[in-house]
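**Q** Encoded as structure tokens, here's the structure I'll be asking about.
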């Protein structure tokens, strides 16, 4: 059955006009989710089916889809819905996803942003990028193959990146005659594996056929034994609470906004908490306090702002604030740290080894860090830990970092913005890894260690003539 995009027109009619429709859209909740799993599990086809069955495809897209489906012949006489998502020529030729593709759609209940991520192991870094902003992950399992290594890998990465809602979709049920026993077996297999994952996960299971649309947006008549919700019903009903509103205030300064001599504000996106006019705030790491005089936006001043809003704060005092500083509530007693344990997803061909130094970007702040040691690498298939000397491409491990300056940090599980970082190669300026702060450590350089004059002179010479070694000032400077 071919559907054309009359969904928006119908919603406008139901709402009573364009203005009422736009107002309703602004107040809909947003769900960001990704599809992941092993190669050829049907991730792109599933997204294409969701777009098709929710009437998000225009007539010209359908015409092109018919033409491309016949030309490629990948699904016989049926539409190859994966072509709606696989945009790269290499993806279409190989029938796989390489890049992370984003798609947007909405229903009467909710707005959605989908990230279609690659299944191949060599593109795990792309999958991690897609998962970093999502609230829910759909893990596809091929009904002919079951739980595979890449399924376990993606489950681990998704939970590592803070995703707590998982939907395990057993796809291609049409190829196993819609047998309930197959679905139940894979459900038990995944639950056995999930015992090694965090205990606070919300896991749901849906049997479906993305190619034919069974249990995607409408119930399947061929699987009467399944009485649960369809995939779309799960996506519309999952409770994604914006916990960042209840968290302490975090406002990373992105730049100083000074268009003229009469205005000075500090621009950025509010990461967590609520900021209000008249609220006393503290600037970190300096510790200077002031009061919020105005909250400026493009559409005018606000009396308060919440997480995700791009704002400019004007303070009552002339305070020395620069890019990378963090504004928090004045009652906060945060301590800066110079060492931290960081979960790392490595994304470069050249492995990560102890002793190397990298540029680090975290919440608008750019600094430098040295890899003190690699505590272990996670074996994804078994989720066991093993001691290694280096972390290879797509490797995930726990690393101790020593920063060149004290930083105010949160754990990633508490705040993705102030607890997440990227590693940048200092020579090529290429992003080579992603880091998730697990906890801060008391720096060994904060101890009252006494050094001899020779040690201090040698340290100064090394830092002056061999800066690429990443040696740190023994007196605690940069």
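Counting starts with 1 at the first residue shown.
Placed from the backbone N, Cα and C atoms, the Cβ positions cover glycine too.
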**Q** Pick from 13-20, 21-28, 29-36, 37-44: which stretch is listed in Swiss-Prot under region 'G1'?
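**A** Of the candidate stretches, Swiss-Prot labels 37-44 as region 'G1'.
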**Q** What range among 171-174, 175-178, 179-182 does Swiss-Prot record as region 'G4'?
**A** 171-174
**Q** Could you tell me which of the ranges 104-107, 108-111, 112-115, 116-119 is annotated in Swiss-Prot as region 'G3'?
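**A** The range carrying the region 'G3' annotation in Swiss-Prot is 116-119.
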**Q** The region 'G4' (171-174): which same-chain residues, six or more beyond its ends, come within Cβ distance under 8 Å?
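**A** Answer is 41-42, 46, 140-144, 182-183, 207-212, 214, 222-223.
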**Q** In terms of DSSP three-state secondary structure, what is the assignment for residue 117 (GTP binding site)?
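**A** Coil, per DSSP.
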**Q** 10 Å Cβ neighbour count around residue 173 (GTP binding site)?
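**A** Other Cβ atoms found within 10 Å: 27.
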**Q** For the region 'G1' (37-44), give the DSSP counts of helix residues, strand residues and coil residues.
**A** 2 helix, 1 strand, 5 coil
**Q** Could you check the binding-site residues 40, 43, 117 and say which one's CB has the fewest neighbouring CB atoms inside 10 Å?
**A** 40
